[in-house]
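Quick look at what TrEMBL lists:
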type     : residues  : note
TRANSMEM : A:21-49   : transmembrane segment
DOMAIN   : A:79-287  : domain 'ABC transmembrane type-1'
TRANSMEM : A:83-104  : transmembrane segment
TRANSMEM : A:125-142 : transmembrane segment
TRANSMEM : A:148-170 : transmembrane segment
TRANSMEM : A:220-238 : transmembrane segment
TRANSMEM : A:268-290 : transmembrane segment
Amino acid sequence: MTTATLPRANMLTRTRNRDGITSAVFAAVLWLCLALICVFLFFILAVIVQKGLARLDANLVTRQPSKIRPETAGVQSALFGTLWVGGITALIALPLGVAAAVYLEEYANPAKWWNRAIELNIQNLAAVPAVIYGILTLGFVVRGPVSIGAVVMAGGIALALLILPVIIITTREALRSVPREIRDGSLALGATMWQTTWRQVLPAAVPGIATGTILAMSRAIGEAAPLILVGATTFVTFNPDGVLSKYTTLPVQIYNLVPQDRDAFRDLAYAAILLLIVVLLAMNAVAIWLRNRYQRRW
Amino acid sequence: MPDTTAATATGGSSARSHPPAWRGPTVDLGQQHPRRGERVIKILLVAAAWLSVAVTIGIVVSLLAPTVTFFTHVGLGDFLFGTEWTGGFGDKFSWTDKAWGVLPLVVATAIITVIALAVAVPLGLGAAIYLSEYASERVRKVLKPVLEVLAGIPTVVYGFLALTIFTPIFAHLVQFNTIHNMLSPGIVMGFMIVPTIASLGEDAMSAVPLALRQGSYALGANRMKTTLRVVFPAALSGIVAAIVLGISRAVGETMIVTIAAGSRAQLTFDPREGAQTMTGFIAQIASGDAPQGSPVYYSLFAVGALLFAITLLINLVSIRLVRKYRQVY
C-alpha cells in the first residue's frame, strides 16, 4: 500500500514543480509586456519634457509663428485656433451626441430594425478613420454645397463629426448605469417621459457624460489629420477673430514644423508638443478624477 | 397639470370616504392635455439620432461623386492592380502623364499594419491577460491610467517622435537608406494601438463568468492553465474583435505614417525603405495645393473611398464578432 502510493505522490510533486516553473515564466512574460509598455510611455514623456523645456517660455504663448526667427517664435495663433475649434466642436457635438444617446437609450424600442440600424451605424462611425471625416467636411462644407472655405467653423464641424459617435456611446453607457427604479419612481409620480429624463436620469448620469465628453474633447484637440484636409495647414500668424476666420491649431502647427530641420524649429516643435501634452494630460486627469469622485454604485 | 392633480386628489378622498362605491376616476385619463412639448422634444431627439445616419450617407456621397469622375478617366483595373503610382507628379491638369496604380500605397499600408500588429498584439494581449486575471486592484489602479495616457497622446506627436527619436535609434541596429522608413512608424504605431487591444481584450476576458474559472480551479488547474485553456478560449471572439479593431485603426492612421514613412510611393516589401501609404497620400495632397478639379484632387477621393471601403469591411467583421461573444453568456 505505502509502496504503491509513494511513487505516485512523487510524480504529483514533480508535475507540480514543472507546472510551477512554466506558470512562473508565463506570469513573468505578462509582467514583461506591461513593463515594456510603461518603459515606452515614460521614455517618450521624458524625451518630450527634456527637449520641450528649452523653449517652453513666454515667447511660446505670446508670439506668433515665424519662418525666419524660430528662436523667438511662438505658437499663439495655433493656441487660440485650438481654443476656437475646440469650443465649436464641443458646442456642436455635445448637444447632438447627448440627444442621440437619450433617444437611443430612453425612447427607442430596440426591437425595431431602424433603431438597430442607427446603433450599428454609430458603432461603425466610431471606427471610421479620422481622415475620412476630413474628406467629408472638405466635400460638403469647405467646398461643395456650403463652401465656407478653410475656416474655424469647418474645422469645428470636422472634429465634431469625428467625436460624435464617441460621445453617443459613452453617454449611452452613463444613462444605462442609472437604475430602472429611478425612472419607474418618477413616472409613477406622474412625471412625463421628458420630465423623467431631464430631471432624474440626466442629472444622475452627468458625471459619466462629463468624463466621456472630456476624453472625446481631448481626442479632438490632439487630432491633426482631418484638419489638414479642411485647410488648417496654411501659414497663419494672427489669432482667429470669429468662426469664419482662417486658423491653425497646435497639432497642425507641430505637423507644419516637421519639414523644417533646423534645430531651432525642432526645439520649437518639442515645446509645442510639451504644451499640447500638458493640456491633454490635464484634461485626462480631470476626467479620471471625475470618474473616481462621482461614480456612483447603485 | 393643476386640474389633473386636483381632480385626482378629490377622486382619492371620495374613494377613501366610500371605499366600496368607487366608480372609476373622475377625469377621463385618456383625455389629457395634448403634450406638444413632449412630442417636439421626441422629434428633436430622433433627429439627432438620425443625424448619424446622415453623416454616413454624407461620407458615401462626398466620396462617391468625385470617385466616379476619377474612374471616367482611369480604368478600375489599372487603379486596383497597377503597380506604379505617380499621382503627385507631372502636369497638374493632365490625366495621361501619370500612373494611377494604387498597389504601392496599399502594400505600404499593409506592411506598416503588420509591423504595428506584431508589436501591439503580444503586448496588448499580455497586458489584457495580466489586468484581467493576475493584477490586484491596487496594481490595476496604477496600470489603467498608464494605458489611458498612452491612448491620449496625439498621433502627430507619435509621428514626430518616430521621425526624430526612434528612426535614429533604430538606425544603429538596421541600415536605412533614407530617414524615412516603414519600420519605425510601424513600431511606434504598434504602441499607439496597444491600449485599444488591451482594454477591449480585458473587457472580453472580464466578461467570462467567474463560475468557469472556479470550475477549472476545482479540477486542479492552476492560474496559467485556467487563463489559457478556459478564459482565453471563452473570450476568443471578443479578443479577435479587439485585434480586428486594432487593424482598422492601423490602416486608417494618418499622421504617424505621413511624417515618418515619407512621401515616396513605391512598391516595396522592405520595411527599411520609406513608402507612402493610402492615408499618407491623402494627407500629402491635402496639405499641398491640389486645385479643385485637377486629376490629383479626384484621386484623393478615390483613395479615400478605397480606404473607407477597407475599414468599413474590417469594422463590420469586428462588430459582428463582438455581438457573437456577447450572446454566449
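Using N, Cα and C of the backbone, Cβ positions are placed for all residues, glycine too.
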Tertiary contacts of the transmembrane segment (A:83-104) (same chain, 6+ residues out, Cβ under 8 Å): 115, 118-119, 122, 152-153, 155-157, 159-161, 163-164, 166-169, 171-172, 175, 197, 202, 209, 213, 216-217, 220-221, 227, 240, 243, 245, 247, 249
Intrachain neighbours beyond the transmembrane segment (A:125-142), with Cβ under 8 angstroms and 6 or more residues off its ends: 148-150, 153-154, 157-159, 161-162, 164-166, 169, 223, 225-231
Two-stretch contact, the transmembrane segment (A:268-290) and the transmembrane segment (A:148-170), at least three Cβ pairs under 8 Å: no
Beyond the flanks of the transmembrane segment (A:148-170) by 6 or more, those residues with Cβ under 8 Å of it: 81, 84-89, 91-94, 96-98, 100-101, 104, 122-123, 125-126, 130, 133-134, 136-137, 141-142, 208-209, 211-213, 215-217, 219-220, 223, 226-227, 229-232, 234, 240, 242-247, 249
